[in-house]
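Below is one structure, written out as structure tokens; comments come after it.
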Amino acid sequence: MAPRVAPRPSSTHRLCVRILLASFLAAHRLVPSCSASFFSFFPAAARRHDYRDALAKSILFFEGQRSGRLPPGQRASWRGDSGVSDGAAAGVDLEGGYYDAGDNVKFGFPMAFTTTMLAWSVVEFGGDMPRDERRHAAGAVRWATDYLLKTLAHPGVIFLQVGDPWKDHDCWERPEDMDTERTVYNVSAGRPGSDIAGETAAALAAASMVFRDDDREYAETLLASARKAFEFADTYKGAYSDDPDLRAGGCPFYCDFNGYQDELLWGAAWLRRASKDDTFLQYIQNNGKTLGAEDSSNEFGWDNKHTGLNVLVSKEFIEGEVLSLQSYKEFADSFICTLIPESSSPHITYTPGGMLYKPGGSNMQHVTSISFLLLTYAKYLSKSCHTVNCGDISVGPATLQRQAKKQVDYLLGDNPMKMSYMIGYGDRYPQRIHHRGSSLPSIKDHPQRIACKEGTPYYNSSGANPNPLVGAVVGGPGEDDAYEDDRADFRKSEPTTYINAPLVGVLAFLVGNPNPGHIRH
């Protein structure tokens, strides 16, 4: 591969750098926004991480989560076919998709968010991925979108879940053996689900951009289906977990605690990004306030999209195209300031070892999703002379990159436990993760069925899981940086698809930018 050569900076770029450099020398606190090549903000690392290896493994993880008939090229070879008759209870085909975590339920809400984040990872940072990993990442997106298209295939309904979570969680069995009820749940005009429909619209719209160059027909199908899902979301407004039947199936696992309004804006924002259709820009402009676009939030995940929405929508303002979207940059800036320890804003909590921390368990979902937003926002800012004003300091892309890199390095082993929280990466990583398929003998080695309660001894075993789920990132340590490697402690030891999905983009950036303080234009 030929070495990358940085293009000659424009006169505007050089002027920006001179202005920022002068300000830095005067204030000694300003981080440059247009170029960081004059500065080195990264101290010598305790170790050098192999981001390319971590990227490959983070994508491979999704093959271990597949449901349905596995393809000939399946690399997680300890897995077998499962859920091949999903949807039969409702007379529909819902084979495929992903199990969200260590259980055997297909929850549509987090699956759609996972798809959006996988697609966004490829859209923003696919150019930094080695060719094979770009192909594997697109394959991971397509495994999800093929399933999401099935959930929209029947007029008047959107299917959002397969599997009774209460009965599933009462068993410890491999997906290949599961015999619990594969109950099918859907939303409709009579019991709306703007949240699941809006997130599905976002996922399909974002994914359409992934396939635009290589499979135009598939990309157009995804975009048309995204429009269909959004129309459903906007026409039949409501949260799916407000319906008693759907609440019984989805809660307390994936209730919509935050309301459906953010998913409406999120879906519209992705349709705008993918289609360039002014209709969706007008929707955002006309409905932003009423749908809570000004809500203050430092959350971003499967339930709350506000911060991601602000970063995504601010792109058009930052690049000087739609000045009416300035407020979205202001909201995004407010969020960024909560991540900067030197700012005067109220801060997000960090552990003594430096990990971003939010109460509630599965903390690595916050580490990866917020790191992704930091790098994405840094990318947008680097194309202009915009900065983030945090009281008496002004913050530019290099600082955001530094914050994200620090979080990823913590995840990969630079932490008080000296442990990688990605399975298969490094010399020391969790051995007893909360994951049925990983903890039970592979169907390839033990073809005899292991019934519901017959898996309990494996669950209680102190031994290492026989099938390493390579690339999986567990929930991670608590606020004291401690990790006990306990299979029963699912808040710390369970991996999820929505932890890995944004990490794919973060690691891709680090593969393409071995010196993260330097902004390439």
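Just so it is clear, glycine is given a Cβ too, placed from its N, Cα and C backbone atoms.
According to TrEMBL, the features are:
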- 1-36: signal peptide (SIGNAL)
- 51-507: domain 'Glycoside hydrolase family 9' (DOMAIN)
- HIS434: active site (ACT_SITE)
- ASP485: active site (ACT_SITE)
- GLU494: active site (ACT_SITE)
* Structure fact -> Out of the active-site residues ASP485, GLU494, the residue with the smallest number of other Cβ atoms within 10 Å is ASP485
* To do: Report, in whole Å, the straight Cα-to-Cα distance of GLU494 (active site) from HIS434 (active site).
  => 5
* To do: Determine the Cβ neighbour count for HIS434 (active site): the number of other Cβ atoms within 10 Å of its Cβ.
  => 24
* To do: Report, in whole Å, the straight Cα-to-Cα distance of ASP485 (active site) from GLU494 (active site).
  => 10
